[in-house]
Amino acid sequence: MDARKEGLPLETLFSDQYPQVRRWLAPFILACSLYFLLWIPVDQPSWVSALIKCQPILCLVVFLWAVAPGGSSTWLLQGALVCSAVGDACLIWPEAFFYGTAAFSVAHLFYLGAFGLTPLQPGLLLCTTLASLTYYSFLLLHLEQGMVLPVMAYGLILNSMLWRSLVWGGSASWGAVLFTFSDGVLAWDTFVYSLPFARLVTMSTYYAAQLLLILSALRNPGLKTH
């Protein structure tokens with residue numbers, strides 16, 4: 001894929017020229033609002049709380065189906081969203097942490113497929129890797145032995161997704177940065193020490209990240225008009 005095809009500028013996407021974008025994004029915004037308004041305590045895991053948490057991501061799956069042009073890129077982005085929703089549901093229950101991590105790892109692989117591997121830009125990979133290693137070198141000090149391998153494997157995949165998204169550019173790059181930040185806050189709050197407003201920061205940046213990542217699929221003239 002051509003990294004220059006990063007999608008239409010956001011101000012264009014949300015203009016009167018493309019009313020279908022705003023119309024099909026409304027369910028996502030409402031689902032996000034519902035999640036933050038209900039704010040179900042994390043110590044009360046249930047299928048209801050899992051559904052409420054997953055709803056915004058599932059709305060984005062429908063959004064892509066309704067608005068984005070067809071093709072492998074759109075399907076890969078939808079696959080990433082579905083896996084993310086599975087990961088969201090798993091992380092409701094602490095005992096399903098490994099399943100959630102695996103689901104998000106597959107989601108990032110879908111994003112990797114959507115953004116491609118050309119142009120390579122190894123210098124950018126070096127920069128993201130050095131930043132990731134700095135963070136994970138501190139995080140490793142607080143991980144139990146059984147957590148080291150899965151967390152590091154996930155970090156490697158996340159870093160790869162960040163690299164390719166930055167090469168792709170546009171909203172995808174901002175989405176990947178927010179996703180990485182969200183995961184960083186979540187990991188620090190989970191394994192190092194409790195951070196104030198960690199859940200609010202994590203979930204708000206996470207939902208924004210997913211939206212920005214999938215907006216990269218919207219390219220003119222392929223936008224659907226219904």
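Positions of Cβ are set from backbone N, Cα and C atoms, glycine also.
Judged by Swiss-Prot topology annotation, L13 lies on the same membrane side as G170. Residue counts of the topological domain 'Cytoplasmic' (164-171) by helix, strand and coil are 7 helix, 0 strand, 1 coil (DSSP-based).
For the topological domain 'Cytoplasmic' (118-123), the DSSP-based tally of helix, strand and coil residues reads 2 helix, 0 strand, 4 coil. Among the listed stretches 47-68, 100-117, 147-163, the one sharing the most Cβ pairs under 8 Å with the transmembrane segment (200-218) is 47-68.
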